[in-house]
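A.B. asks: For reference, TrEMBL lists these features for the protein:
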- 1-40: region 'Disordered' (REGION)
- 121-142: transmembrane segment (TRANSMEM)
- 148-171: transmembrane segment (TRANSMEM)
- 183-204: transmembrane segment (TRANSMEM)
- 216-235: transmembrane segment (TRANSMEM)
- 256-278: transmembrane segment (TRANSMEM)
- 258-453: domain 'Major facilitator superfamily (MFS) profile' (DOMAIN)
- 293-312: transmembrane segment (TRANSMEM)
- 324-342: transmembrane segment (TRANSMEM)
- 348-373: transmembrane segment (TRANSMEM)
- 385-406: transmembrane segment (TRANSMEM)
- 418-440: transmembrane segment (TRANSMEM)
C-alpha cells in the first residue's frame, strides 16, 4: 500500500474511479505496476517517472532554487561588503545574523508551508513568494548606510519569508511526479542553487564596481523577477478531481525514530555546514589574499557544489540516499578541519571545490531522504515541513555562533574556534545519520518495497 500514493474519495463524491484521460499528470513512464482498487473507497495512484509536466516542474524548481538558495549562497559577498564598508560599525557576528535569519525564515515556516502544500495551495504560495521576494530585494537597494535595521528587515525578514513560500513547495512537488528517479530529479533541481551561488556573487561584484551596490541589487531583482515568473508558468502539481491524498498522521510521524534522529542530525549539521559559505571570502582576505581574487572564493565553493548536487543523486536512486549521504558528511567534516592549512589562493580554490562538492551532496540528498522516510506522498509536505522548521533554528544560530567565536587580535581575526566548531558539528551530525540509518534498517524498511538504504 505504501508503494503508490494513497488517495481516498471524500464522502458524497463520485465513485472515486479514475483513468488516464481524467488524470492530466499521468504521462511518462510508470515505475509501478498497476493495482486494483482496495476496499473502503481507497485507490492507489501511480507516480510516473517522466513526462512533459514532470520535467517542466523540475525546470521550474531549478529556477526557484537559483533565485532562493542560490541567492543566499552569495551572502559571503554581502558579509564582506557589510563588514568592511556598508555596516562597518557592526561586528561580523551581528552582520552574520542577517544571513542566518534569512536562512531561518526560509526554513522556519516549513510546517505551515508543508501543511498548506498538502492542502493544495501550491500555486498560491509560489505566486505570493515571487512578489514578496522581488519586492524585498528592491527595498534592500534603498537601505541607507549603517542602518542595520533597514537591511535586516528587507533582507533577513522580507526576503526570508518570500523564499520560504518558494523553496519548500518547489522541492516537495517533485515527489508528485517522480518515484524511482526521485533522487536524480531532485539533484538536477537543487543544482540550480549552486549555479545561483556562482552567478549571483559575480553579478553583484561586477555590477557594484561599475555602478553602485544599490544598483547592483536592483539589477539582480529584475533578473530574479523574470526567472521566478517563468518558474510560475512551468511548475505543475498533482490535480486529482474527486480524489484527495491520504492525510498525514502526526502521531505516526513523531513516533518514527529513524525520522526523528535524522532531523536531529540535520540540526547539528546545519549548525556548522555553512560556515565556509559565509566566511571563506573574509577568511581569504584576512590571510592576505588580494581582494580581487578573494571574492571568487564564494563562486568557487558554489561551483564545486554543482557536481556535488548532481552526481551523488544519480547514484542515490540505485544505492540509496543513506549510503551516499554518510560518506559525504564525514568527508565534509574532515575538509572543514583542512581550513587550517589554507595559506594561498590556489589552496582556497582547492578547498572551495572539494568542500563545495561534498557539502553540496548533503543539501541535495536530504529532500530525497525525507521523502523515502515518508509512508506515502500525502505526507511529503508535512514531513519536510517539520524537518525544515526544526533545522531552521540551527541555521538561525549557527553562523552567529561562529561569528561570536571569531575574535579580532592585532587587526586579524582568530579563526581556530570557529573552524573547530564547524567541523565538530558536521561530524556529530554524520554520526547521528549513521544511527538513523541503523534504525531505518532495524524497522525492516530498508528492503521493503525494494527501497535502497
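From the backbone N, Cα and C atoms, a Cβ is placed for every residue, glycine too.
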A.B. asks: Below 8 angstroms Cβ to Cβ, which residues of this chain, lying six or more residues outside the transmembrane segment (418-440), approach it?
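C.D. replies: Distant contacts of the transmembrane segment (418-440): 257-259, 261-262, 264-273, 275-276, 279, 322, 325-326, 329-330, 332-334, 336-337, 339-340, 373, 398, 401-403, 405-406, 446, 453.
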A.B. asks: Take the domain 'Major facilitator superfamily (MFS) profile' (258-453) and average the pLDDT across it for me.
C.D. replies: 87
A.B. asks: Six or more residues out from either end of the transmembrane segment (121-142), which same-chain residues have a Cβ under 8 Å from its Cβ atoms?
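C.D. replies: Residues 64, 67-68, 113, 151, 153-155, 157-159, 161-166, 169-170, 173, 214-215, 217-218, 220-221, 224-225, 228-229, 231-232, 235, 237.
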